[in-house]
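The region 'Disordered' annotation in Swiss-Prot covers 1-62, 160-179, 186-230, 271-292, 382-428. Among the features that Swiss-Prot reports, compositional bias 'Polar residues' is placed at 50-61, 215-227. According to Swiss-Prot, the feature region 'RNA-binding' maps to 56-197, an assignment based on sequence analysis. For 64-193, the entry in Swiss-Prot reads domain 'CoV N NTD'. Residues or ranges marked as RNA binding site in Swiss-Prot (evidence: similarity to another entry): R109, R125, R167. The feature phosphoserine is assigned by Swiss-Prot to S162, S170, S194, S389, S424. Here Swiss-Prot flags T177, T428 as phosphothreonine. Taken from Swiss-Prot, the feature domain 'CoV N CTD' applies to 260-383. According to Swiss-Prot, the region 'Dimerization' annotation covers 267-383, on the basis of sequence analysis.
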Amino acid sequence: MSFVPGQENAGGRSSSVNRAGNGILKKTTWADQTERGPNNQNRGRRNQPKQTATTQPNSGSVVPHYSWFSGITQFQKGKEFQFAEGQGVPIANGIPASEQKGYWYRHNRRSFKTPDGQQKQLLPRWYFYYLGTGPHAGASYGDSIEGVFWVANSQADTNTRSDIVERDPSSHEAIPTRFAPGTVLPQGFYVEGSGRSAPASRSGSRSQSRGPNNRARSSSNQRQPASTVKPDMAEEIAALVLAKLGKDAGQPKQVTKQSAKEVRQKILNKPRQKRTPNKQCPVQQCFGKRGPNQNFGGSEMLKLGTSDPQFPILAELAPTVGAFFFGSKLELVKKNSGGADEPTKDVYELQYSGAVRFDSTLPGFETIMKVLNENLNAYQKDGGADVVSPKPQRKGRRQAQEKKDEVDNVSVAKPKSSVQRNVSRELTPEDRSLLAQILDDGVVPDGLEDDSNV
């Protein structure tokens, strides 16, 4: 005997309020809208099932694999799809515990083009299939398959296939996914259709609240075509909005001196322990020069602060607020207040000391060690980050210095001997008389004062 999810066992009664004649829940879900046409005007004709997110290609032909349940969609990147052992099998009436076994299949959804021309990939959606059905019907429980997560009830026999019929979307609608109490849904995922009501159910509830005088109007409303909301429209709209915001946010913003000054002043107005250094307000403006008590930061990281590309991996080592208070040694110290001319106030310091322990199994260990070695005590290295550039000179002083340099750079011919140095001065009568005695003709030439005649 094959079991049909959503149908009561023999002898059971199905509620006329929540179920139709076949016992299937009639709550409209996104999965149902995927499988049904845009309206219900094709009465009397067999609905042609559309290809759903679980449609799989097989040898050139399309073979649809319809899950009995609505999907689970991922909305946060980087999250893993997983359930605890014994959890993860959706609840369905008429399915005994021994048949509650199967797998969740990851469907990588299509991408779309954003207004700025970029391709965006929708996050995947997961669908449940009983063991022995679906796209991996021939797989055994626990096989290592990419994009497959196996789940089973603690009472289920995973060595045999589930005796569950395949779902025909023309006669059976998808069942809203529900789990047993205590089941923990994977973080970063949500169940399709949870917390959402279809437009038809909303209009029906409104018509019932209006009273008997408006029954004719409510019945006419119920004959309205079903909502033409396309599958994944909510995700597409959200993605388009985010893409638009991302486009605007991604445009380069012009940073003026005034805006940079305002950002810097806003940061410096905060308490010291609440400041976040960045390009507009570097590390040394926030926390002072590097030294023995503040010994972290190389030249590049001191300029960029937390905007440095290497900073996020270091942030993994930062303690949480709880670790800071409960995992550190704290000491409250009263400091001297300001000078005599300043108002009297009590100043305290909450001094702390602690340690962050990690080993080589930490993800990114090699990179963390490299960044730490480059930035610890970087101020002690030659040409380190704490080298202060000379202050610029004023214009008047700079011009005077340039003139002085020009005078200093003038090349002056040096005398070759002491005689040449003496000739450069004016000769006295005594000098002329002495020279006349030395010369044969007794006459001192007029050009004797010139260095070239000596």
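In case you wondered, yes, glycine gets a Cβ from its N, Cα and C as well.
When DSSP labels each residue, the region 'Disordered' (160-179) comes out as 0 helix, 2 strand, 18 coil, counted as helix, strand and coil in that order.
With respect to T177 (phosphothreonine), the closest of these recorded positions in Cα terms is R125, chosen from R109, R125, S162. Taking the C-alpha positions, the distance from R167 (RNA binding site) to T428 (phosphothreonine) comes to 131 Å. Counting other Cβ atoms within 10 Å of each Cβ, the lowest count among the binding-site residues R109, R125, R167 belongs to R109. Near R109 (RNA binding site), with the C-alpha within 10 Å of its C-alpha, lie none of the modified residues S162, S170, T428. DSSP classifies R109 (RNA binding site) as coil under the three-state reduction. Ranked by how many other Cβ atoms sit within 10 Å of their Cβ, the modified residues T177, T428 place T428 at the bottom. For the region 'RNA-binding' (56-197), the predicted model reports an average pLDDT of 84. The number of other CB atoms found within 10 A of the CB of S170 (phosphoserine), across every protein chain shown, is 12.
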